[in-house]
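So Swiss-Prot lists the following for this protein:
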BINDING   15-22, 47-49, 91-94  ATP binding site
ACT_SITE  Glu92  active site, proton acceptor
BINDING   Phe122, Ile166, Glu167, Leu168, Ile169, Gly170, Tyr175  substrate binding site
BINDING   Cys147, Cys150, Cys179, Cys182  Zn(2+) binding site
COMPBIAS  187-196  compositional bias 'Polar residues'
REGION    187-227  region 'Disordered'
Amino acid sequence: MIVTQIAGKIQVIFGPMFSGKTTELIRRIKRFNFANKKCLLIKYSKDTRYNDNIDKSFLVTHDKQNYQAFPCSILEDVKEQAQNYDVIGIDEGQFFPDVVQFSEDLANQGKTVIIAALDGTFQRKPFQSVIDLVSKAEYITKLTAVCMVCYNEAAFSKRIVESDDIELIGGIDKYISVCRGCYNSDQNEGNSTKPSKTARHSHSQSAPSVAPLAVNINPDDHLNNDY
């Protein structure tokens, strides 16, 4: 008896703010589209940071790339619609309370699910749902940004406004990417790290360039399986 396996997969793209997670998500979705796969991109409905002059259904990156997306706050609401697609992309995955079960269910049905998410809060504490996804994912990509204080490689997000809320959506007006040294320096001094004037100016229109780090498995090496 021959048993046919349905090749569903979960891909996780994580890292700090301004590391290019959404840009990488859109790149992969475009690539699957080029391979004649039906793709659905889902965005967090409360994230409208860059939608001032564009429809709120579009997902917009820090450097103003945009892509048509379906906005929602609970993934279960779009689960039935997702059945009609081969590939499902999810941006800001850390904010969806049901992201783990949603991704696992669809992957078990033969879908490819790609999640872009922060791996930690501004306090460097993990988002548990993202950690849970790692144990269920076939492909994991960790991205880094550029430190907006010293220009070294940055693995952490630092909040520069006064708020203890975990969910505080914003761009460079509320966050900067920092390296370990600059993050710890701020903690020791007990005040908010501020990007240099040069850093703030140079990053006002676009995010720092992406610096991939510790890529465990590159999905591009598995074209025959994914397409």
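Glycine too: its Cβ is placed from the backbone N, Cα and C atoms.
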So what sits near Cys179 (Zn(2+) binding site) in its own chain, CB-to-CB under 8 Å and at least six residues off in sequence?
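Counting only residues 6 or more apart in sequence, the Cβ neighbours of Cys179 (Zn(2+) binding site) under 8 Å are Cys147, Val149, Cys150, Asn152, Glu153, Ala154, Ala155, Phe156.
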Out of the binding-site residues listed (Met17, Ser19, Glu92, Gln94, Cys182), which are within 10 Å of Tyr175 (substrate binding site), Cα to Cα?
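Those near Tyr175 (substrate binding site) - Cα within 10 Å - are Met17, in sequence order.
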What is the number of other Cβ atoms found within 10 Å of the Cβ of Glu92 (ATP binding site)?
23
Select one residue from Phe122, Tyr175: among these binding-site residues, choose the one with the most other Cβ atoms within 10 Å of its Cβ.
Phe122
Give me the count of other Cβ atoms within 10 A of the Cβ belonging to Cys147 (Zn(2+) binding site).
26
So which of the binding-site residues is most packed in, judged by how many other Cβ atoms lie within 10 Å of its Cβ, out of Met17, Cys150, Leu168, Cys182?
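In terms of Cβ crowding, the pick is Met17.
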To the nearest whole angstrom, state the Cα distance for the pair Lys21 (ATP binding site) and Phe122 (substrate binding site).
16
